[in-house]
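**Student:** My questions will all concern the structure given below.
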Amino acid sequence: ATARRPPLITSGGGFSTRLKRPRWQDAHHGEWGRGVPDVALAGHAYAVVLGGKWLTVDGTSASSPAFGGMVSLINAERLAAGRPRLGFLNPLLYAHPEAFNDVTQGDNRCGSMGTPCCGGYEAGEGWDATTGLGSVNFRKLEAALLADGS
C-alpha cells in the first residue's frame with residue numbers, strides 16, 4: 001500500500017533475477033524469477049515492552065515475528081492432534097489462497113511527500129508483487145492448515 005503521508009514507508013516486492021520461479025508459484029505469476037512477498041501483514045504500531053517501558057515498533061521486524069507466532073500456534077495445534085509440524089510452509093500457503101484477504105488496491109512505490117522515487121508494483125486480484133497472496137486471515141489459515149493432509 002502506498003504511503004500517503006510522509007515519512008511512512010511501503011512494502012517491498014518484485015521478482016528475483018537470480019532465483020527461478022518455484023513450481024508452487026507457477027499458477028500465480030508469469031515472471032521468470034521468484035516473486036516476493038508471499039503474504040502481507042500490517043506492520044505498524046506493534047506494542048512491545050523494552051527495558052520495562054511500552055513502545056510501538058513498525059515494519060517487517062514487527063510483522064514477521066507476528067506471522068511466525070501464528071504458524072507456531074498452528075503447529076502446536078497440529079502436534080496436540082498427533083499431526084506433524086508444517087515444515088516448509090511456502091507450497092502450503094500457495095495451495096490455500098482462500099486463507100488470505102486479497103488486497104486489490106494500492107501499490108508499493110516508495111515516495112517522499114507523495115513523489116515517487118522508485119518503481120514498484122500495483123496490487124491486483126490474486127497474487128501480486130505488492131501484497132503477495134494477501135493479508136493473513138488467521139482463522140482461515142488455521143482451518144486450512146489443520147485440515148491439510150501434510
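Just so it is clear, glycine is given a Cβ too, placed from its N, Cα and C backbone atoms.
According to TrEMBL, the record shows the following:
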- 1-148: domain 'Peptidase S53' (DOMAIN)
- Asp102, Val103, Gly126, Asp128: Ca(2+) binding site (BINDING)
**Student:** For the binding-site residues listed here (Asp102, Asp128), tell me which residue's CB has the most neighbouring CB atoms inside 10 Å.
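**Tutor:** Answer by Cβ density within 10 Å: Asp128.
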**Student:** What other residues of this chain sit with their CB within 8 A of the center of the CB atoms of Asp102, Val103, Gly126, Asp128, the recorded Ca(2+) site?
**Tutor:** Phe100, Thr104, Ala123, Gly124, Glu125, Trp127, Thr130, Thr131, Gly132, Leu133, Gly134
**Student:** Across all the protein chains here, work out how many other Cβ atoms are within 10 Å of the Cβ of Gly126 (Ca(2+) binding site).
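**Tutor:** Within a 10 Å radius of the Cβ of Gly126 (Ca(2+) binding site) lie 12 other Cβ atoms.
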**Student:** Just to be sure I understand the packing, how many Cβ atoms besides its own are within 10 Å of the Cβ of Val103 (Ca(2+) binding site)?
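**Tutor:** Around Val103 (Ca(2+) binding site), other Cβ atoms within 10 Å: 18.
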